[in-house]
Amino acid sequence: MAAAHIQNGAGYGRMLGRPAAGLPGWLGILPYGLVLLAVFAVPVLFLLRLAFGDAGFSLAHFIRIAEVPIYRSVLLTTLSISGMTTVLAVVMSYPLAYLMATVSPRVRSILVVVVLLPFWTSALVRTTAWIILLQGNGVLNRILMGTGLTSEPITFVYNLSGVLIGMTHVLMPFVVLPLYAAFRGLDLATVQAAEGLGAGPWTVFRRIVLPLTAPGAMAGAMIVFMNAIGYYITPALMGGPAQTMIAQMIADNITRELNWGFAAALSTVLLAATLLIFVIFQRIFGLERLMAGGGGTRGGEAFRLTSRGRTSGGILTAACGLLVALFLIAPILIVFPMSLGSSPFLSFPPTDYSLRWYANFFATSKWLDAFLRSLQVAGLSVTASVVLGTLAAIGLSRTGRRWRPLLETVFVLPMIVPVIILAVGLYYLFAPLGLVGTIWGLAIGHTVLATPFVFITVRAALKAFDTNLELAARGLGAGWVTMFRRVMLPAILPGILAGAIFAFITSFDDVVLALFLTNIRTRTLPKLMYEGVAHEIDPTIIAAAGLIILVTIAVLAINLLLSRRR
Amino acid sequence: MSIRHLGKPVRIEGVRKAYGAAVALDGISLDIAPGEFCTLLGASGSGKTTLLKALAGFETCDAGSILVDGRDIGPVPVSRRNIGMVFQNYALFPHMTVARNVAFGLEMRGLSRAEIGRRVDGALALVSLEGYAGRFPRELSGGQQQRVALARALVIEPDILLMDEPLGALDKNLRQAIQQQLRDLHQAIGATIVYVTHDQEEALFLSDRIALMDRGRIIQAGAPEDLYFKPANRFVAGFLGECNFIPAGDGRPGEVAVRPERTLLGHAAAAAEVRLGGQIRSVVFTGTGYRVIVDVAGRVVTALTDSDDKVARLPPGSDVIVGFERRHAMTFAA
Ligand SMILES: Nc1ncnc2c1ncn2[C@@H]1O[C@H](COP(=O)(O)OP(=O)(O)O)[C@@H](O)[C@H]1O
Ligand SMILES: [Mg+2]
């Protein structure tokens, strides 16, 4: 922390009005600000310039998007698939959130794990698992045909149902979590008051529960829609040609058509749509809702199941909630045992268990290299993002109130802007600099993606940190560095660690940046997996998926242990 | 507003309720007459809310039965019980205006728009909130919210009105004003009211009958005067108002309980039937007079005196005579 000023002997009286002495706010903000400018704003602005014509201003690309039917239909497909995914996510989240709110604490914590585990498991692994489950000779079709329910395999993937299943699964937790918080925030007495006035279960749901939980569902739905319109890998892997969405169209225009201008114009459209939703979201819910669920009962008792038990509608809803929970955990429940099979053919459940494919994974240099490279890149970007994000959060807390909301918004933008746009922009920026195909270029990209997570968690920890402690320490004669090391750092360390964990998972799971910024010699584990899944799934890929699940569980367990200790 | 002048009688028979190992209601039996204002009084955790929830149907009972107008309401779902409830935190619907809150129960009963509008207006007039129909609960003060909750519960013309510490969240002046309004309201509509409070003064002020609860049981039920002057045991005597426990005197064994306002000091005690010696410990001015705390053979005895009583001017440590009339002494079996 070279930036810290040592100010021994600062008088308590001088300190009282100005906790800002010590690290000046601008110095904390500057590093992350510069990084954002150089490797986020610049590449995105490059793209915007390309979109409006290389030489001189032109709307030709946009006119083409609007006029050529196939592009129009891609835009329409993007909107309709995102809309359907959002509706599915909300509809499926309600019974699950209801179930989570009305079970015993022990069952509730199991359900929370059931939601969080897939949430944090790489989208690529989950998509892979769904393909294994749903493909023509996949697990589900074999079960259906084995029991004689169908005679022909049903096509679940490489069509609309595949995309919807995959995307709903990946994005649904964004609704479940705030909705669950909304259910917990419901005052039991409000529900009982309605019953006492004569409302039956359905009326209670329609007139009380639904309106009071709608803001939570709305917040989640907007996040889902915002993510869905820019989604790349799941529709690319699980959809057919008719499900081509805008992100895939952008990628195709660069890798196949080499039409940068047109790809840039598509990116501009996507960016504008995403930012529009983001601005609306922020206006309605504020930035805090982006990470935290919000809610909390006002004085009363939280909504729960009373000794009367469930009504028949309640039983039905709870059963649906259970099915949704099963849907969320199914890929992990099926793929993990499969990775332990010994047969070279995919089968579930495996006839006998072995570590054969894990052994194969570590014995094959391309897999092992990719795995180690992923860890390397993650190590680099976690380090960088922890330093940048922590400094920025501390810096922001010492910046004037007038600038805070703007800076806060800018600092979380990399979470909002679709990854495909960042990937294309960085590719364009890095190629002439010779950074494409190196782990450095990728690590820089991952740092940009991951720093908002550190920033948000440390910012939350700082908000909970009592400024008087800082004043007290300074008043007792501690310099800023001593104060930071002995008082502030211990208080915000859990936030930093949580941020580091999110940063690690962000980097370790990324496919999209790796697709553009690495080559065959520098590819990461997810990229190698992606290439395999796009062609044919072999058992080693499943072992790789199993390995990623294990890493995720280990990292989440560390997070849990650390947060328990507090 | 036309609320029927006939509340229904309630009979509670041997009701038991346990949450796991914790027994919340341990065999409660109570008869409440039609139109009676019955208060469940007890310390926090004594089971008052649980009993109210059992009456309303929000919780099931492990044993026993509840009869309203002679009919067991055990199998009747909450939504058909026609019981009004005012919750401790009011539980107003935050997303509905005052008028919509009050109309809710009428809408559930399928009344016509015109009839609902008429009755809502009437109910709001009853609680003096005519001008507030279009406001949202968050735009009202605590006392106003409380009255909306009351209007919402009354407008459905309930057979019984249940109120769970409805004034608990209000400050003292407001509480006293609303207590008076509640009394007047009860006189006007004659509904059967089961009222929960932990505040003994409130219970004494409002009730036709008080049921004093402790650890899931009813210790004594009766008119306020009965509980105050003829407490069944030491617990009741100590819970309702202050009580001095004084040696019975005249060489008799045991002790008797005497209210501070019946405990005489100095001159006044000279002619009392029972007299004891003590020393003044401290004297506190209370506005209407003095509170004199006397040490009688190691026991603390409190007496109230007029503000012109000379006893109050004696310095601490002075000897003083404490006395009481035998008819004011309360004795208990245990
Ligand atoms: N939902 C519940 N789960 C477990 N114990 C409860 C529950 N509700 C009440 N209790 C217990 O039952 C007893 C009576 O509670 P309650 O009826 O709320 O008391 P009061 O309203 O008189 O303060 C208390 O010991 C309380 O802890
Ligand atoms: Mg209570």
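Residue 1 is the first one shown; counting continues down the chain.
A Cβ is built for glycine as well, from the same backbone N, Cα and C atoms used for every other residue.
TrEMBL entries are annotated by machine, without manual review.
As recorded in TrEMBL, the features of this protein are as follows:
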- A:75-281: domain 'ABC transmembrane type-1' (DOMAIN)
- A:371-562: domain 'ABC transmembrane type-1' (DOMAIN)
- A:29-52: transmembrane segment (TRANSMEM)
- A:73-97: transmembrane segment (TRANSMEM)
- A:109-134: transmembrane segment (TRANSMEM)
- A:155-182: transmembrane segment (TRANSMEM)
- A:217-238: transmembrane segment (TRANSMEM)
- A:258-281: transmembrane segment (TRANSMEM)
- A:314-336: transmembrane segment (TRANSMEM)
- A:375-394: transmembrane segment (TRANSMEM)
- A:406-430: transmembrane segment (TRANSMEM)
- A:436-458: transmembrane segment (TRANSMEM)
- A:492-520: transmembrane segment (TRANSMEM)
- A:540-562: transmembrane segment (TRANSMEM)
Do the transmembrane segment (A:540-562) and the transmembrane segment (A:314-336) share at least 3 Cβ pairs closer than 8 Å, excluding pairs fewer than 6 residues apart in sequence? yes
Maximum Cβ pairs under 8 Å to the transmembrane segment (A:217-238) among A:73-97, A:109-134, A:258-281, A:406-430, A:492-520 is reached by A:73-97
The answer for the transmembrane segment (A:29-52), taking Cβ pairs under 8 Å and residues 6+ beyond its ends, is 58-59, 61-62, 260-261, 264-265, 267-268, 271, 387-389, 391-392, 395-396, 399, 407, 410-411, 413-414, 417, 421-422, 424-426, 428-429, 444-445, 447-448, 451, 455
For this session: Please work out whether the transmembrane segment (A:492-520) lies in contact with the transmembrane segment (A:406-430), by counting C-beta pairs under 8 angstroms that are 6 or more apart in sequence and asking whether there are at least 3.
Result: yes
Counting only residues at least 6 beyond its ends, the same-chain positions whose CB falls under 8 A of a CB in the transmembrane segment (A:436-458) are 32, 35-36, 39-40, 290-291, 373, 376-378, 380-382, 384-386, 388-390, 392-394, 411-415, 419, 422-423, 426-427, 430, 492, 495-496, 498-500, 502-504, 506-507, 510, 513-514, 516-519, 521-522, 524
